[in-house]
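What Swiss-Prot says about this one:
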type	residues	note
BINDING	Leu121, Gly125, His126, Leu127, Ser355, Pro356, Phe357	(6S)-5,6,7,8-tetrahydrofolate binding site
SITE	His228	site 'Plays an important role in substrate specificity'
MOD_RES	Lys229	N6-(pyridoxal phosphate)lysine
Amino acid sequence: MFPRDARLDMYDPELAKAIAAEVRRQEDHVELIASENYCSTLVMQVQGSQLTNKYAEGYSGKRYYGGCEYVDIAEQLAIERAKQLFGADYANVQPHSGSQANQAVYFALLQPGDTILGMSLAHGGHLTHGANVNVSGKLFNAVQYGVNAQGLIDYEAVESLALEHRPKMVVAGFSAYSQKIDWVRFRAIADQVGAYLLVDMAHVAGLVAAGVYPNPLPHAHVVTSTTHKTLRGPRGGIIVAQAPQEALVKKLQSIVFPGIQGGPLMHVIAAKAVAFKEALEPAFKVYQQQVVKNAKAMAETLMLRGYKIVSGGTENHLMLVDMIGRDVSGRDAEGALGQAHITVNKNAVPDDPRSPFVTSGLRLGTPAVTTRGYQEQDCVDLAHWIADVLDAPADATVIAAVREKVAAQCKKYPVYR
């Protein structure tokens, strides 16, 4: 029925052209969006396998459909590898995304109208941590904490807010915070008010797995994550916990299915299993160590060039460039760097006077360039080129010169050989 040698460019040339252009973009542009990475050819091979054809509602050994004996193997491999990777006693690999993993935990442990205490989106948090434009901020009474004048989480303020509002859940984690989080302190705050502690480690899961960032599992009631970003797997979500009570496990299992999802994506779950196996390899730890070294090199160089980094540096894979007071906005900087084939994203910074669609900041991250093979000196060079463009965002000559240097660097470090 379906020939295995069918060619997309012959059947759907418009789509094939768009895909080919994206492949070229990924090879020819430097990727510095902190939430992006390149997964392996093995991950892509499995995600494009015939497992996409199989419906498998339920869990391994307890499906609502027949013929699941082989996808059961794939899911169980993903579960056991995730548990080994993070030191977990429980893992659910079915969430379709990190946002759905967070949603599952909220619905499992809270009632609509309950109070949650999460990091403000404007100060480095995530939409799903109680932002008023997200369902987490609409269904729940969301109280938000932030960073102090030094750009660091204000734990005293978090504690004060917790004592004042008595949340049912405290949410720790971020999408744009460059320092280490004190999970012990967060658990102590949650315990003071009898709240659950949910940690969203989506951005640092790969660093945690490699032991180069503190593991939240011994301290949180529940931990969620994406499976891409620093973990370098397929796009998806995961829920893990260490020594959870049986009642908590039952709530989490039943809320993922049938609570908020139907059939799991078995081809994605199998790809997660491959990514987790890759993350258990010794080379993955070396990779994550280099991610942090590269981020530090980039942040230090940008600061030497006169650019402010929120919190004064980085201890993970990302940094937030604060351009408040400068003529160039985050949006304009993103556009100018894009012309130089450096891909970044505009980002709000603490106390940003500009709108979220314009912003006064840039978020930069090193997971993708480190996957390509970049070392510290490459990131120092790249940071200088970024500063060159930010110093003269409307200068076509500067942009062209940087674009030429980027092309040579990308050619030196191809994504897929």
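Easy rule for this one: first residue shown is 1, then count along the chain.
Glycine is treated like the rest: Cβ placed from N, Cα and C.
What Swiss-Prot annotates, mapped onto the structure for a quick look.
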residue: Leu121; record: (6S)-5,6,7,8-tetrahydrofolate binding site; Cβ contacts under 8 Å, 6 or more apart: Leu127, His129, Ala131, Gln144, Ser175, Ala348
residue: Gly125; record: (6S)-5,6,7,8-tetrahydrofolate binding site; Cβ contacts under 8 Å, 6 or more apart: Gly118, Met119, Ala131, Gln144, Gly173, Phe174, Ser175
residue: His126; record: (6S)-5,6,7,8-tetrahydrofolate binding site; Cβ contacts under 8 Å, 6 or more apart: Met119, Gly173, Phe174, Ser175, Asp200, Ala202
residue: His228; record: site 'Plays an important role in substrate specificity'; Cβ contacts under 8 Å, 6 or more apart: Ser35, Glu36, Asn37, Cys39, Pro234, Arg235, Gly236
residue: Lys229; record: N6-(pyridoxal phosphate)lysine; Cβ contacts under 8 Å, 6 or more apart: Ala34, Ser35, Glu36, Asn37, Ala202, His203, Ala205, Gly206, Pro367
residue: Ser355; record: (6S)-5,6,7,8-tetrahydrofolate binding site; Cβ contacts under 8 Å, 6 or more apart: none
residue: Pro356; record: (6S)-5,6,7,8-tetrahydrofolate binding site; Cβ contacts under 8 Å, 6 or more apart: Ala348
residue: Phe357; record: (6S)-5,6,7,8-tetrahydrofolate binding site; Cβ contacts under 8 Å, 6 or more apart: Arg331
For (6S)-5,6,7,8-tetrahydrofolate, whose listed binding residues are Leu121, Gly125, His126, Leu127, Ser355, Pro356, Phe357, the greatest C-alpha pairwise distance in Å: 17
Collapsed DSSP category at Leu127 ((6S)-5,6,7,8-tetrahydrofolate binding site): helix
For Ser355 ((6S)-5,6,7,8-tetrahydrofolate binding site), the three-state class that DSSP assigns: coil
Local backbone state of Leu121 ((6S)-5,6,7,8-tetrahydrofolate binding site), from DSSP in three classes: helix
His228 (site 'Plays an important role in substrate specificity') - helix vs strand vs coil (DSSP): coil
Surrounding CB atoms that lie within 10 Å of the CB of Leu127 ((6S)-5,6,7,8-tetrahydrofolate binding site), all protein chains: 16
